[in-house]
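Worksheet for the structure shown next.
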Amino acid sequence: MKKGFIFDLDGVITDTAKYHFIAWRDLGTEIGVDVDLKFNEQLKGISRMDSLDRILAHGGKENDFTLDQKEALAAKKNTHYVELLQSLTPADLLPGVKEFLDQASTKGVPCAIASASKNAPFILEKLGVKDQFAGIVDPATLHKGKPDPEIFIKAAELLNIQPEEAVGFEDAQAGIDGIKACNMYAVGVLSGEPLHGADLTCHELTELNMDELLQK
Ligand code: G6P
Ligand code: MG
């Protein structure tokens, strides 16, 4: 019997993945690295600085910038990303998310957010669902990013349950790997690329039966 739900944010609750892509692509153009949609898949679930490192390595520019310059580039990307987020409203919740959260609340099943995004509280506020989460892991407190399971273990702690008592929802391979590494039940939310190792996959949360999930 499962006792809590743990959600990734980008690509699961809302489609901010497209804004991350636009912001990285434009930064890439500025520094001469081609960030296309296929390469962008490798940035999903990966922290801001680690994403920049992957982009620089992709363009063979890993030794071209000092740490200060890299921090300035990451800050520039984030400023652009946050500009793109300003237009978010509750209408930007992915299909079935609001209904799923409401149903969880009715059943008394607590929910938490396990996202590498430092913008998560702001995004949840814009989407009008922040109060529906009993906990949001602060990624600044993490030692390792996904695919390390640390963020999912912390999210379970915030809900006062064991990782194996939770269901985790993820759209990124790094996230599915992190969920499985702490023996959590993994629901993969597909958006194009296949996800390996998920216990169950769906295209949107409307396809899921909560009672069946809680019995897993
Ligand atoms: C999520 C996204 C990543 C993003 C990371 C950090 O995991 O999938 O693409 O790089 O959050 O987001 P932030 O908003 O802190 O730059
Ligand atoms: Mg994601």
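Every residue gets a Cβ built from N, Cα and C, even glycine.
Predicted automatically and left uncurated, TrEMBL annotations should be read as such.
Here Asp8 (active site, nucleophile) comes close to Gly45, Ile113, Ala114, Ser115, Gly168, Phe169, Glu170, Asp171, Ala172, Gly175: these same-chain residues lie at least six apart in sequence, with C-beta atoms under 8 angstroms from its C-beta. The active site, nucleophile annotation in TrEMBL covers Asp8.
Packing around Asp10 (active site, proton donor/acceptor) is summarised by its Cβ count: 23 other Cβ atoms lie within 10 angstroms of its Cβ, all protein chains included. Residues or ranges marked as active site, proton donor/acceptor in TrEMBL: Asp10.
A sphere of 10 angstroms centred on the C-beta of Lys118 (substrate binding site) encloses 13 other C-beta atoms. The feature substrate binding site is assigned by TrEMBL to 8-10, Trp24, 43-48, Ser51, Lys77, 115-119, Lys146.
Annotation comment: TrEMBL describes Asp8, Asp10, Glu170, Asp171 as Mg(2+) binding site. Using a 10 Å radius centred on the Cβ of Asp171 (Mg(2+) binding site) and all shown protein chains, the other Cβ atoms total 25.
According to DSSP, Asp8 (active site, nucleophile) is assigned to coil rather than to any helix or strand. Within the same chain, residues at least six positions away from Trp24 (substrate binding site) with a Cβ under 8 Å of its Cβ are Val35, Asn40, Leu43, Ser51, Ile55, Lys77. With a CB cut-off of under 6 A applied against ligand 2, none of the binding-site residues Trp24, Arg48, Ser115, Lys118 are retained.
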